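Q: Dumping what TrEMBL says about this protein:
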COMPBIAS  326-341  compositional bias 'Low complexity'
COMPBIAS  344-355  compositional bias 'Acidic residues'
COMPBIAS  356-366  compositional bias 'Low complexity'
DOMAIN    22-80  domain 'Chitin-binding type-2'
DOMAIN    90-151  domain 'Chitin-binding type-2'
DOMAIN    156-220  domain 'Chitin-binding type-2'
REGION    268-287  region 'Disordered'
REGION    292-366  region 'Disordered'
SIGNAL    1-18  signal peptide
Amino acid sequence: MASYVLVIIALSVVSVGAQDVVSDCPISDGYFADSLQCDKYYECIDNVLTEKLCPDGMAFNDLNHRVEKCDYIYQIDCVDRPELQPAQSTEFCPRANGYFAHPEPGRCDEFYFCAKGEGSHLTCPESLVFSLKTGTCVWPDEAGRTDDCKSGNVVNFTCPSVPSIEAVAHPRYADPEDCQYFYVCINGKTPRRNGCNFGQVFNSKIAACDTPKEVPECSDYYFDYFTEYFASLGDSGVPSPDIMQAAIASGFDVPQVAKRVRVKPSSSALAASDGVRRRRPLVETAERPKIVTPIEGPKLPDAGDKVRAAGSAQEAKPARTRRPSLRAPSRAATTTTTTTTPAPEEDYVYYDEYPETAGAAATPAA
């Protein structure tokens, strides 16, 4: 008997307690998908068949008839069994469970994760949109959206046509509206918006990210942001190491934030000591108690004690605070930027190794 069995219930049904039991199972034990309804399936135990339903928004996965498993609808092929149970919808959830696009047109990077009818608002990383096909955040050209979120409406950039002799596989062009961002034209045709690391801007001359001082038109790009940031610290504030590093790398004139002092003895103290400057002797640190055992007597510390002491010091070290993600210095920080499917860092910042399509390196000039 094949592992994948679709059951059409056209058999006589008898009532036993609270369950509908059908006398004919494909095999004595297993779980089998209904042939018409994607979220309906049947459980067979000792040739006793029981009809079941997945939670609303989920469909039965029939890859293994020994496993009872329901997955989100977008993860299951329901083409041949398109029927579903009536939807249990709420304000932001078309069905009780799953990932769903934001109901307002044009909000392409926003979506809702729904669990038992409760919706959580989420936002994709910069330049990505929500895909109805995969329930994840992808590039606009991969999302396959046909509404206001199709690639041509989301990406406000057209890859220029260049002679084939000058073409490169995936050329980069500066974003005309934002110094930190640029566009990668996949095979010279499909634009994808990308960004430099915080503290850098895109340099068109070298087609790579660079320091602002090397790009005259973007030399003051971070000036207002860093000025406001360091002013907000006041006299006692401690700057974030990440922001401090980015400010220095960008060429910003970082203000002195740490107070430095030098001890100068008074004239009366020098006179009392015959003009000779003296220091208080260093105070010896307390020694650790010696370990004494009844049998061996006093025992000197071994080399492992130093290693253990160093390890304890590392464990006590406070965790490093992570800098919040920033899209652009001039924009206000957002509070809903979490996502279940963040793009990998190397895939989000640099694009040096795209697979080339034969004969499609660039679009020849007309």
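The first residue you see is number 1, and the count goes up from there.
Cβ coordinates are placed from backbone N, Cα and C, and glycine is handled just like the others.
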Q: For the domain 'Chitin-binding type-2' (156-220), what is the mean per-residue pLDDT, to the nearest integer?
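A: Across the residues of the domain 'Chitin-binding type-2' (156-220) the model's pLDDT averages 89 on the 0 to 100 scale.
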Q: Can you break down the domain 'Chitin-binding type-2' (156-220) into helix, strand and coil residue counts using DSSP?
A: 9 helix, 21 strand, 35 coil
